[in-house]
Amino acid sequence: MICEHCKDRQATVTVTQVVNGQKSERHYCEVCANKFHPFNIDFHKDEQIPIHQLVSNLFGLPVWNNAQEKLQATTQKITQCPQCGYTFRQFLNEGKLGCSQCYETFSNKLPQVLTKIQAGTKHIGKSPGRPTNDHTRIKKQIETTREQLLLAISEERFEDAAKLRDEIKDMERKLERGGVDAP
Amino acid sequence: MNLEHFLKSEAPGWMDDKGLDADIVLSTRIRLARNLEGYRYPLSFTEQEAKQIDGVVSQAVLNINNDKRIFSHFTIKEMPLLQRQVLVEKHLISPLLAKKEKSASVLLSSDETISVMINEEDHLRIQCLLPGLQLLETYELANKLDSHLEKQLPYAFNESFGYLTCCPTNVGTGLRASVMMHLPALTMSKQIKAVTQMLARFGMVVRGIYGEGSENLGNVYQISNQVTLGKSEEEIIDDLQNIVVQIIQSERGAREALLKKSKVVLEDRFNRSLGTLRYARVMTSEEAAACLSNVRLGVDVGIINDVPLSVLNECMILIQPGFVQQYAGTTLQPAERDIFRAKLLREKLNVNRQSSMEKGEEKYDV
């Protein structure tokens, strides 16, 4: 029999795996079997365990056994980031992404992780090349001016109040014009 | 500017004693994480990419040099280990950056309030540090630099995820705002646990000042926001500001209560600590931090009058291993460090006493 992995050498090792009650048998040569051998993988895992657990706890997602992942990798295609070669599993294991492209590559899977650790999945706030948060700033300004307006009215400073009222109107107009893309 | 300027044994600019609520809030720090489009992140990039990023970012920062703040560029690899440690202890670079072997570097402003770390976890991290509670001011400082840089650098930005970062805990605004607080009364009265739990509920984290795991060494805590996505910069800063103000109030309340209940005990404790600092011959960093915290509280509540806050701020920085070794001029074993640390503290706290006695009134503005 020929090794299932390298399809080159003679298969001398039989790996029996039970996943969810389903038994599967694989035949490898000694070289390939060594790569998949659980003891080998355990050595690697040793140093990573704290981060592993931390990240998986943090994201609330199970971290699969590396052995399974590797076995899977040979049989089924996994989405890999074209720029840095990161896979989603790798991200879950390390808690870090490899490059900015990863955000595109995993854009359908990332939100479920982000909801666990962030306040939302949509960025609100500064964007490059745009005046910073003009919208919220104007809104705040309107609020404070309104307070001043009420104060002016209660103190019967009606000239001031008229001025403040006009200021608020101006700001509201500005907000309508500039706030098209705001949430 | 040469590196010596940043290594001298003095409290850094951010440890001035003039900030707002400076008795409780030691400093405010803002950090912005940014990456450049088209390059892989430092954990997976090549040496060549690292060099290119270092070049582009440094150039961009040096281009905006104005008269007030002059930036100097230092490559981490070229620095001896001890010097890196001193910069870490001054909070000018992160421990992670200090360990980097690939083209990592830092740009420091001459007044030590701004540092731009290159190729740390992200391509660049803008950090601004100011004394006291100044969240808005510090953010403005960082924001201004960021806005200058974005004109020259192609930031990695995505409409839905915001600024893209290596770790998803920073994505969005890339903003981490932290406030360093001295909370001895809350610690003594065991209320700090409740505070920590409350903070967690508001998405804030608490750490010790001397890094991870040094939880309450010297009763100094660093409080910062956890959430970076789904909240605007203003909201993040407002929320932190509100929480910090509440903590300040409860700390003041706890101080008053303690003082009312056990003034003599406290007086005794503060003065013993001052005595230890002035006369001890062997001093571990734990003991030094504890004594400094006591003396500081003594100064804050007006029981100790002849030690300026600035000296205490300086000592808090100087008791760390890197500084002690720099003071000794050589690397030391922990036991030797304790001896030098005691000597350093004696010098700092006694010299000051002599000068304050000579100058009389002038020094009593604490």
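Yeah, the Cβs are placed from backbone N, Cα and C, and that goes for glycine too.
Under the heading domain 'Phosphagen kinase C-terminal', TrEMBL lists B:24-254.
For the recorded site, B:Ile30 (ATP binding site), the DSSP three-state label reads strand. Taking the Cβ of B:Ile30 (ATP binding site) as centre and 10 Å as the limit, one finds 28 other Cβ atoms among all the protein chains shown. Here TrEMBL flags B:27-31, B:His91, B:Arg125, B:176-180, B:207-212 as ATP binding site.
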Inset, instruction - Count the other Cβ atoms sitting within 10 Å of the Cβ of B:Ser27 (ATP binding site), across every protein chain shown. - result: 26
Inset, instruction - Please work out the number of neighbouring Cβ atoms within 10 Å of the Cβ of B:Ser178 (ATP binding site), leaving out its own Cβ. - result: 24
Legend entry - Residue, out of the binding-site residues B:Arg125, B:Arg207, whose Cβ gathers the largest set of other Cβ atoms within 10 Å: B:Arg125
